[in-house]
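**Q** Not my notes, these are from Swiss-Prot:
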type: ACT_SITE; residues: 98; note: active site, nucleophile
type: ACT_SITE; residues: 123; note: active site
């Protein structure tokens with residue numbers, strides 16, 4: 001059962017009820033709190049585009065608590081984050097794993113955060129193939145190409161040499177918030193909610 005809290009806001013016209021995500025969106029906060037698939041990506045991309053149309057000069061914050069998911073869906077979010085004019089701040093709450101970690105690192109440099117007890121996990125893309133040998137070969141080439149693309153972006157975002165990224169993403173690589181900071185995946189470990197991150 002998926003319960004979504006409702007908040008009541010008093011206005012001069014009376015009361016207005018919002019689901020919590022719509023209320024957060026008014027403050028330019030987007031929640032990524034699930035596995036990343038096409039539906040989640042479409043929702044995040046739509047919110048980013050909406051907030052850009054509302055005010056292209058004001059920052060957007062994405063709070064991430066995600067085990068990762070589809071590479072193509074994640075890349076749709078990544079490309080939109082880079083495409084829109086507002087700066088996109090990313091904040092890890094809980095866990096940012098796989099594509100979740102990639103999106104965390106994709107935030108505006110200087111505005112990528114994690115809470116003290118959150119974890120970040122990077123690894124190489126997962127995939128499988130079945131069918132004829134040629135189909136398996138095509139799938140293998142594609143996943144290797146995706147791995148190279150993701151590693152290149154991570155190297156650019158973290159400042160780590162590509163060889164270090166390749167080595168460190170070979171297997172599941174878990175990092176504390178402090179370790180993610182040292183690695184360059186984030187820019188600061190947050191202990192208090194301050195205006196500095198907005």
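Note: Cβ is positioned from N, Cα and C throughout, glycine not excepted.
Describe the structural surroundings of these features, if you would.
**A** Its own atom aside, the Cβ of residue 98 (active site, nucleophile) has 27 Cβ atoms within 10 angstroms in the protein chains shown. In three-state terms derived from DSSP, residue 98 (active site, nucleophile) belongs to neither a helical nor a strand segment and is classed as coil.
Sequence-distant neighbours of residue 123 (active site) (same chain, 6+ residues apart, CB-CB distance under 8 A): 98, 169, 170, 171, 172, 173.
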**Q** Three-state secondary structure of residue 123 (active site) from DSSP?
**A** coil
